[in-house]
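Structure first, then comments.
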Amino acid sequence: MEKKKAFTPLLYLASIIFLPWWISLSFQKSMESWVTNWWNTRQSEPFLNDIEEKSILEKFIELEELLFLEEMIKEYSETHLQNLRIGIHKETIQLIKIHNEGRIHTILHFSTNIICFIILSGYSLLGNKELVILNSWVQEFLYNLSDTIKAFSLLLLTDLCIGFHSPHGWELMIGFVYKDFGFVHNEQIISGLVSTFPVILDTIFKYWIFRYLNRVSPSLVVIYHSMND
């Protein structure tokens, strides 16, 4: 009976980690053809009025400039110019296809991430008992650690999250989240988030040390500040 009680929270933890990923992946595979068909049939008309990607606009401009340049060169025959127009038309169709695939990718990934969030929210509401057991295990593990190990872990965690080299890690992490949701890479937004998140986390962490750790474990705070200095 005790083994069963101990096994249940572990099974719950494994399901939290793997089940949302498996369900979202299955949903993405099963809905890909439907979303593709819906986008191509319902959204094909307004596409040319909704081109937002800078790279695609630059490609269109390059194609137009190439066409004008070739038309200005009189040595080329009409057949060559006709082939050039056909090639530009094919390139345009390819750009439209790439754009549509990007939008479909965005819809699918955004939907699957919403599903993962709903599943995790449901787990947190329905599995309150298992969460309490897992929380007690974590607290017991942390309680058995020495203050030196705790201070070292806090110092390592803060250096990783808000240290001197943390912006590069934040840039990779935010870029991964952007890609996972299917959004187009935007350097300005990512730079703004990278410059904002560490400051917010640093403020929250200092407040947590001041309000909680000073009251619960003053010796840990002393060791942490000694290591940090």
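Along the chain as shown, residues are numbered 1 onward.
From the backbone N, Cα and C atoms, a Cβ is placed for every residue, glycine too.
Long-range contacts of the transmembrane segment (7-27) within the same chain, counting only residues at least 6 positions beyond its ends with a Cβ under 8 Å from a Cβ of the stretch, are 111-113, 115-116, 119-120, 123, 127, 130-131, 133-134, 137. The feature transmembrane segment is assigned by Swiss-Prot to 7-27 (among others).
Swiss-Prot lists 107-127 (among others) with the feature transmembrane segment, giving sequence analysis as the kind of evidence. Proximity of distant same-chain residues to the transmembrane segment (107-127), defined by a Cβ-Cβ separation under 8 Å and at least 6 residues beyond the stretch ends, is recorded for 12, 15-16, 19-21, 23-25, 27-28, 31-32, 35, 39, 180-182.
Swiss-Prot lists 189-209 (among others) with the feature transmembrane segment. Panel annotation: around the transmembrane segment (189-209), residues 158, 161-162, 166-167, 170-171, 174-175, 178, 221, 224 of the same chain, lying at least six beyond its termini, place a Cβ under 8 Å from a Cβ of the stretch.
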